[in-house]
Amino acid sequence: MRYSNVIDFSICMSIKSENTFLLENPKFIKNLKFFNIHSSQEPKSPTDIRNSVENSDFNVQLENKLKNSFKQDGKQKSKKKKILSVDLDQEHIFKKKNKSKVIISAPDDLTNNSEGSFKSGKQKKKEKGKHKQNVNKDIHHTKNNRLSNLDPLDDINKDKSVIIDSSLSIEELSIKLKIPPAEIITGLFLKGISVTVNQIIDIAIATQVAQKYNFTVINQNQNNQSELDQSDKLQQVSTITSINRAPIVTILGHVDHGKTTLLDAIRNTNAAGKEIGGITQSIKAYEVNWPYNSSNQKLIFIDTPGHEAFSSMRLRCAQITDIVILIIAADDGLKPQTIEAINYISSKKTPFIVAINKIDKANLNLIRVREELATYNIISTDWGGEIQFIEISALQKRNISQLLTAICSLAEFINLKADPTELVQGSILEAYLDKTKGIVVNIIVLSGTLHIGDIIVSGHSYGRVKKIINSLGNELIQAGPSSILEVLGFYSIPQTGRYFQVVNSEKEAKKMIAQIPLSGITQTTKNILNLNPKVYNHNLNTRSLNLIIKADTQGTIDAIINSFIQISQKKIKLNILTASLGVVSNTDLDLAFSTQALIIAFNINISTNILNAAEKLNLSLRKFVLIYDLVDYVTYSMLDLVDPEYDKILIGQAEVQTTFTINKGTVAGCIVKSGKLKKDALIGVYRKNKLIYEGVINSLKRMKNDVNEVVIGNECGILSKDYHFWQSEDLIKAYELHEKAKTL
């Protein structure tokens, strides 16, 4: 018996489809890796094998049939060979379990019944006709798959449906769609939406992700378009009564790159100097008039927070903006929120201007900033690109007029229109509860004219407009398109970021609200962390920190939640009991007392009565005005609940010389061999290199005197209350415990 160095195809080619494969792939034989196979036959060369296969009656007949099939389908056999040879290097040889034959298979064959499935003779005869018709279709389909950029999961999930009826996290969406979270995150990032695996996204974004993978999203209100669809609709106004409207300009960029300072320079104010902590924590909108082409051009500016916690606020503003000012600090370059803005601008194809700020600083490398932007295909006009770059100093108000003129020029080019005669549509920038005014809603009118007495609807909230106040603080009777307004009259607090519209009557408003399913309401932050057990409840024994959040605006609550989601919760789970607008009430105190929760008040005042009541109940009630401080406080509170861990540090060794007994127990008379021994130190006793006891030095004496420590070369007596079995020559190792830095 001997071993040959070629495959015995009389064994491995046991069914006809393998012969077909070899006939149509002559290069495959040459590329085979030959293994030592137990055989009694004479060795055959690759040429002999190929000739044997090609000249078989079956393959001669099959070749003729394939030629005819190719002619019917308008294909040539040579084209088929070319296509099939693409993946020769990807073919795999494997042995089928419990079988004495080698099966040759390509990845595409594993799911292709006509080319790679193994069937009985009867089944083969039944499908022989089908095989002839489908050969070219399968080959053509394979080619298209290789050339297309569609996700390979598209075909798997084709024609499937998924229920998305509420906001959910990326991880929950991944489970629903059976798509890796990293893939969803990458896809959203390319669209300018930065998210993490634990971050909550609304129905509109989740629906877009599902539809990308050919899912049919069900159980939503079919009468309402997605937020993005509505946005597109609002911008596309062209009627006989249309007029030019002012552009909505949003300033985007990294925290502390000068967004608010730029607006101060434009408005001749000092809002940046008045901001707590020097950062913007809410959306601010302003109207500015600038002389352009012999007339005053009205510009609407929106200032957005740059801190990462306020990503949802930035997204809301970017959805309604016409022109983006991408501001970049010349001394800092591109940063995470800058890149987030670039990705969003790119995905939405929003017109934009680059403002390179802080050129008043010394030793700047402006070329470096331009080169960084060029990597994102943002090239200035003086470098041969299409984007206007304006170098400014917001602090010194340099080149501000040049920037404003560039904005007016771009607005003129994109030719924005709105119809003031139609029913009002717009977007809610912010909503909050004021102690004296009641429910206050900041809006921007995108089309139509808003009047006192109009019935206004947004999501599940509606009301009758009682008061309209413009950005200058003046009361108005009506306001047209591209107006920043403060509106009073809503009966309940609407969801920020939602679109609103005016309807003809309260009856119509109630009818619209009734058509919206309760599950379709956009993200409710109350109990948001608790609604995601898949994300947070990894360990049922994990300790929890209960929180009650009270804030001034819905946007602030969203930012707080986003910040908390970024905190690791492997050891301690955040449990948000309530998150609502308004002042701290006695009801909040009662809930905190029964659940031992921390009460957090952000940007709201706390009455003296509430403070006194909280103190009597020994409750933790803290007020914050900076999100940095709030996140630090919650993080430290979580760390307090983490059990301490220690490092054992060897501080000395001693050897037992003798032992004697006293009333309190057995004393070991020792001599310190290295380092020192300390009272209350942790010790380990070793006998013949084997650990026999671990405990604590309860008493340490030298010359009958109690001491706190004994250093090298000195004799001492050691007493451990729970150990009495000392022996001469026992080795004692003394340790100090150093607490490790706690982590979450």
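Backbone N, Cα and C define each Cβ position, glycine as well.
Cβ contacts within 10 Å of Ile359 (GTP binding site), excluding its own Cβ and spanning all protein chains shown: 18. Annotated GTP binding site per Swiss-Prot: 253-260, 303-307, 357-360, in sequence order.
Among the features that Swiss-Prot reports, compositional bias 'Basic residues' is placed at 121-134.
For 244-417, the entry in Swiss-Prot reads domain 'tr-type G'.
The region 'Disordered' annotation in Swiss-Prot covers 113-146.
Residues or ranges marked as region 'G1' by Swiss-Prot: 253-260.
Per Swiss-Prot, region 'G2' is recorded for 278-282.
Per Swiss-Prot, the feature region 'G3' maps to 303-306.
With a cut-off of 8 Å between Cβ atoms, the residues of this chain six or more beyond the region 'G4' (357-360) that come close are 257-258, 261-262, 327-332, 366, 391-396, 398. Taken from Swiss-Prot, the feature region 'G4' covers 357-360.
The binding-site residues examined here are Gly253, Asp256, Lys259; by Cβ neighbour count within 10 Å, the least packed of them is Asp256. The DSSP breakdown of the region 'G1' (253-260) into helical (H, G, I), extended (E, B) and coil residues amounts to 2 helix, 0 strand, 6 coil.
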